[in-house]
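**Student:** Sharing a structure below in structure tokens format, with a few things to ask.
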Amino acid sequence: MYYFYLCSYLLFFFSLKDRGFRFLHQATTAPMVSYYDYIIIGGGTAGCPLAATLSQASSVLLLERGGSPFNNPNITRLSAFGAALSDLSPNSPSQRFVSEDGVINARARVLGGGSSLNAGFYSRAGSEYITKAGWDAKLVNESYRWVERRVAFRPPLRQWQLAVRNSLLEIGIGPYNGYTLDHLYGTKVGGTIFDGYGRRHSSADLLHYANPDGLTVFLRAPVQKILFTTEDKSKPAANGVIFTDANGVSHWAYLRNGPKNEVIVCSGALGSPQLLMLSGLGPDKHLEAQNISVVMNIPLVGQGMSDNPMNAVFVPSPRPVEVSLIQVVGITHNGIYIEGASGENFASQYIMFFLKRISFIIFQIGQLSTTPPKQRTQEVLNRAIDAMRFLPRSAFLGGFILEKIMGPLSRGHLELRSKNPNDNPAVTFNYFEDPGDLKRCVEGIKIIERVIESRSFSRFRYNRLPVTSLLNMTANSPVNLLPKHANSSRSLEQFCRDTVTTIWHYHGGCQVDKVVDHDYKVIGVDSLRVIDGSTFDYSPGTNPQATVMMLGRYMGVKMLNERTD
């Protein structure tokens, strides 16, 4: 029996190591000029299922600015979660940015997009969200199932996650809905994109559905701009793109002649509005200030940016706990979600974000929180991170309980810093600007306190370490680059403001009815769509990745049907 399982694992492992996708190529091999029915910019969470679907009946070019996730163990292995997020190298699959609010964040630079980097939680959008979006419910369900056959799995529930589940039920966040992919009020176990071997299955795995004769994927192929024509047109029409390869050589890809052929932007909440602006679509005064020729004045490109704020409390445990990512969630009627994760590997792999910053020996590197904002340079941040690497592993036994806000209501904006598409734009999320978000955060912290103090969680906390001490340690540690306030835990409102971090659910910038219509076509421009999370007004469900993947498939099916009409 042991031999059987060993052979099965080895066969599975090596089948993952080389997907055999003969349509994957480095951009350095691309022709100088080429022609396709569809050009998709961004091989991320939406771009991959969209490309796989459209390739069934059309010629499709998919351009991804990053590399492949398949042979990178820091991406594919659950046990290495966070390593890719901590990678600061030029070819890292994760490109760090710091919002103008002072919150450290990351954007994907890899095939599969955010689904190649995230914590893997998989959950559908609620029925109300689907109705409000105006989507066809039958096709939505079919599209979710299409995605889930490749990437959704039931997670194993072990000691820490069981304690989170039982605590949520103990304090009254019910009913218990068991394991389900549906978005339901109460406590539930959600899906995961990590399989039983601890291997990640990102949206890049959905390329298994592709017609290899209809798809070409170029990696390390950042798009410089979208090309437009006005010849025999009443309004601008996208007709191609310019992209570069790893050697800096430019390549031109054009749409073939045909009324249904299109350029589709799937570059995410930062990349999509950024690329539209770089291509001349956006607020005219901002574009002119950047010396960009205006193709179309679209004032709301880059507006309405949002990020679900997250506040976490680290709970040091007197006993070892398993490595677990988000598996259990408590969904309240007030738009507050309570989740938890655990394991020592967060100390070394998830270092860039919060766990190491909120340990009970954080005072060793706590000076960053008192450094004046203008002195919080990348070098200062990196030195603090290096210091954390030498903290003893025993300091990080335990995990954290977090709350995030549905929506949110607070909105910000995005602007260009330069004309280089590889540079991060400047983005402001205005966390807690809306009083409703701040009120819900305070309610969420109170729920976290009750979870930690519950009988079900007693095995995983030190009895002599009160919750107020945990809050103080969090508030006094550098979870972000915001100024700290003395005794901020005495005011939960100030605690929320001081300890806000990201859960990587940023969205907006190209919303429906503002930049695109309900078919995701850019308003006022022909042959151009945006299909990704930048079109969302609110983040769907507990985690948006399932819905973004679904949307790629959903719109791919609709576009194929349009070709036959």
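Glycine residues also receive a Cβ, built from the backbone N, Cα and C atoms like all the rest.
Predicted automatically and left uncurated, TrEMBL annotations should be read as such.
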**Student:** Taking C441 as one end of a disulfide recorded in TrEMBL, give the other end from among C496, C510.
**Tutor:** C496
**Student:** Can you give me the average pLDDT across the domain 'Glucose-methanol-choline oxidoreductase N-terminal' (268-282), rounded to a whole number?
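**Tutor:** Mean per-residue confidence for the domain 'Glucose-methanol-choline oxidoreductase N-terminal' (268-282): 98 out of 100.
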**Student:** What are the non-local neighbours of G533 (FAD binding site), defined as same-chain residues 6+ apart in sequence with CB under 8 A from its CB?
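**Tutor:** Within the chain, G533 (FAD binding site) has Cβ neighbours under 8 Å at T45, A46, G268, A269, Y506, H507, S539, P544, V548.
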**Student:** For the domain 'Glucose-methanol-choline oxidoreductase N-terminal' (268-282), how many residues does DSSP put in helix, in strand and in coil?
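**Tutor:** So the domain 'Glucose-methanol-choline oxidoreductase N-terminal' (268-282) is made up of 11 helix, 2 strand, 2 coil.
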**Student:** Tell me the Cβ neighbour count for V223 (FAD binding site), meaning other Cβ atoms within 10 Å of its Cβ, over all protein chains shown.
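**Tutor:** Looking across every protein chain shown, the total is 25.
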**Student:** State the count of C-beta atoms found within 10 angstroms of the C-beta of C496 (disulfide bond), not counting that atom itself.
**Tutor:** 24
**Student:** What's the CA-CA gap between V223 (FAD binding site) and C496 (disulfide bond) in angstrom, rounded?
**Tutor:** 38
**Student:** Enumerate same-chain residues with a sequence separation of six or more from V110 (FAD binding site) and a Cβ-Cβ distance below 8 A; give 'none' if the list is empty.
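**Tutor:** Once residues fewer than 6 apart are set aside, V110 (FAD binding site) is near E64, G66, G67, S68, P69, N72, I75, A84, P93, S94, S116, L117.
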**Student:** I need the CA-to-CA distance for H505 (FAD binding site) versus C441 (disulfide bond), whole Å please.
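**Tutor:** So the Cα of C441 (disulfide bond) lies 16 Å away from that of H505 (FAD binding site).
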